[in-house]
Amino acid sequence: MSRDPLTARLLGLLSEPALMVTPDGGVLAWNAAARVMLGRGDAVPASVHELAADAGTVAPLLVRMSGATSALGSLTLRHEDGTALRFKVEGGVAALGTDGRPQQLLLRLRPSADERSPLPVLRRQIETLNREIRRRHAVEADLRASEERFRHLAETLPQLVWTASADGRIDYRNRRWHAFTGLDDGASGKQWINLLHPQDRKAALARWRHAVESGSALETELRLRGADGTYHWFLARAVPTGGPAGAAGRWLGSLTDISEIAAARETLARGREELELLVRKRTEQLAASNRFLEREVEQRRRTQEALEARERELRASEARYRAFFENSDEALFLLDALPDGRIEVGATNPAHARITGLPADMAAGRDPRDLWPSPAAEELVAQVRACVAAGRPLRFEQVMELPGGRRELETILVPVPEQGMQGTRILGSARDVTEQRRAEATLRQAQKMEAVGQLTGGVAHDFNNLLQVIWSSLELLDRELAEGSTGRRQLASARDAVERGKRLNGQLLAFARRQPLAPVGVALKKVLDDIVELLRRTLGERIRIETALAEDLWPVLVDRTQLENALLNLAVNARDAMGGEGLLRITAANRTVGAAGGELEPGSYVELAVEDSGCGMPPEVLARVFEPFFTTKAEGQGTGLGLSMVYGFVKQSKGQVTIDSSPGRGTTVRLALPRGSTLAEPAAPFLADATGGRERILLVEDNEAVREAVAELLRMLGYELEQAAGGEQALAILEAGLEVDLLFTDVMMPGALDGGELARRARLLRPGLAVLFSSGHAGASLLRDGRLEPGVTLLNKPYGAAELDLKIREALAASAGRAGAARPRLLVVEDDVLILLDLVQSLEAAGFEVEEAASAAQAREVLERVPVAALVTDLRLPDGCGEELAAAARRRIPALPVVFATGGDTVELLRRQAGTPVRVLAKPYRNEELLRSLAELGVG
């Protein structure tokens, strides 16, 4: 260690050996060349005397040097290994004290010209070593500049960027990583594993190990916990960047937050392997003089290896930067804002060319306004200048008309310091958010329509209650007025008004998807053949109707009546749009929807299109056509509910409706209807005379006005009557032992018991009890997939005496038919004897015949011997699987209802059994739950 640091730094500038000493020989400092020449360590010797081979020669030399600023002499010094080395000494006084006497002497050592001395050789080697060291410093400076550019790029990107080693230890994270995770630089390099979602951790680590072992790129989606404790979905990507001799020893990665896409699903990479430079340790200096040259050569070799490692690191850093720039999914570009005000394009990546349609080789060196379309280019230039003026990143969105169409881009501009550059360099990143914005708009529209539908359904329900009171009152007044009287004529007008209100309310319920449907397999060609003839008569001769139907058209699973109403609504709208004259074209074709079907579930559909040659609609009208009561027709010419009804019917039928229209080009409405498996036979209507009866009816209605009006109708028809204002009161009446022939209940009622739950519990008390439901719209408890549950008899409000009496007789007849039918036979498969005995007793008490089996083999023997109405089986059997048994049973009895009992994942089981009549019970379950599941399957 030098005693005088300043003097040591000055001596370090000299390439030849030099010492700074006091006049009495004390050493103040010496440089590296002197230390290397004499084979010494970093410690400064106390005096020149201990370095001299002959201490007596030192004093005369110092006296000579003290008397002049430049003097010559010679001196023999001793190498660390004992070798005597002769030097020529040039030096003199370097500094004077306050008293004017010499205070510091500079001694510059030059090796003797004696060829036998090793000093000239050593000097040449030292000079070579100095050149290598300077070259290494230059390479290190280039490496630091490259790393700085990479760091600037990583810190300005919107992704979470990192590097890691093959063992998963992260050594670099950009600021977005720290902002999201909340972890600082001191956190463990493997702490990221604790941030993985528990369900993703095993798979993510397995993919990482596979990528490391195979040397292939990694791309996967996973969830990562942020600083606020919430998990975000990320698209993780990592690529091997190359290690020594080309080995994949390091990884570069990025994480792109794709939580907002959801819909829609699914943006970017996770993983960048850190690059760790292994610094080799110094070797001990050799002691023996005969190994002096070997030691210097070894040191040179080590220096050369370190230099090559630095060069490889520099190349790897440049490769990382280029790989990230070239392979990013976002459009990256460099812009140079020059001092004269011009802006030039520096470079663009392939993603930029892909998104904008502008070739990358055409962009460099040009003004952005020559490349990008206006006015987007002008906006970009203005934002670049604002970024330069602000000296900080700017984010903005713009709409560009590109060769591939109109796109919305989210752009980030970041000023990047560039040493020695005239002007400012801007790094830009543009992300195409067109689909994201479109998905957001679609979601907002769907939420709006759902909210309007819920509001509409509630209004329609209350409105039907009001109409029911009016209708019942009109029926009662009609019995009291004389035939042909003025009052009877006025009642007829009032009835017509109620009928119109009922139809209007039906359209509201169709939009709100609250109407009960009766979907069956319908031959669309037959429906269209029938309705086209009706349309020709309805629309008039000036409307020309054409049809184009595929020959192999599939049946559709819809309510035929509602389909015909929808087609009639569309045809009438088309006639009005064409002003009573034009072409109406109806087409139908089969369509298969894959996994990327948008709103439609994957499957088979028939697409029905109704196209007119009318005036078309502007975008602001097209955006609202499905809203209830929205119409462009004149006052009194339309309710605004036609398309709303079509929308609700198609949605409730698990289909999709879309409209294409523009002013002057007509309108096309497309209905995607689900495919039906088989054509349904027309159901025979229930026929009975509406003459009343003497049965006792329990009327349950929470609306007092409706209850009193309907009670009068029932009394007028001759029925005995008990009344209840809600489900709890009705259940109490039944539990008290009152005998009734029919339960007539509203569906939607306040409290814990709605109509569906009341009926279920009433039938547990009175098996076989006839039930008739009434409602302003069918509640969720009566509907499954938009249709009435099997065996449900429903009377929609408002209704008259004749309709009421007909439905009462139908419900009573249905109950009598069930009571007289043979008891359903069930096959119960359970290997636990105690559970099996309990199930058999419970099911027999509920009116079922039960066949028992303790294994899959016994169950197959039963199936070969007798037919069964349903299968109740444990999922895990001693000799097989319950699902395999169910499949075998359905090969014998197609569409056989099955109830599975399992202690495992019920959701996954339901997914596998989708499309079959099935219920799943999670163990342990109560016998009441089993009976309810059988009832839901229509067994019992």
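Including glycine, each Cβ sits where the backbone N, Cα and C put it.
Annotation comment: TrEMBL describes 146-215 as domain 'PAS'. Applying DSSP to the domain 'PAS' (146-215) sorts its residues as follows: 39 helix, 11 strand, 20 coil.
According to TrEMBL, the domain 'PAC' annotation covers 218-270 (among others).
According to TrEMBL, the coiled coil annotation covers 261-320.
Residues or ranges marked as domain 'PAC' in TrEMBL: 392-445 (among others).
The average pLDDT computed over the domain 'Histidine kinase' (458-677) stands at 75. Annotated domain 'Histidine kinase' per TrEMBL: 458-677, in sequence order.
The domain 'Response regulatory' feature in TrEMBL is assigned to 696-812 (among others).
Counting only residues at least six positions away in the same chain, the Cβ atoms of V700, E701, D702, N703, V706, G755, F773, S774, S775 sit under 8 Å from the Cβ of D746 (4-aspartylphosphate). Residues annotated as 4-aspartylphosphate in TrEMBL: D746 (among others).
Residues annotated as domain 'Response regulatory' in TrEMBL: 825-938 (among others).
Annotated 4-aspartylphosphate per TrEMBL: D874 (among others), in sequence order. Counting only same-chain residues at least 6 apart in sequence, those with a Cβ under 8 Å from the Cβ of D874 (4-aspartylphosphate) are V829, E830, D831, G882, F900, A901, T902.
For the domain 'Response regulatory' (825-938), DSSP puts the residue distribution at 51 helix, 29 strand, 34 coil. For the domain 'Response regulatory' (696-812), DSSP puts the residue distribution at 45 helix, 28 strand, 44 coil.
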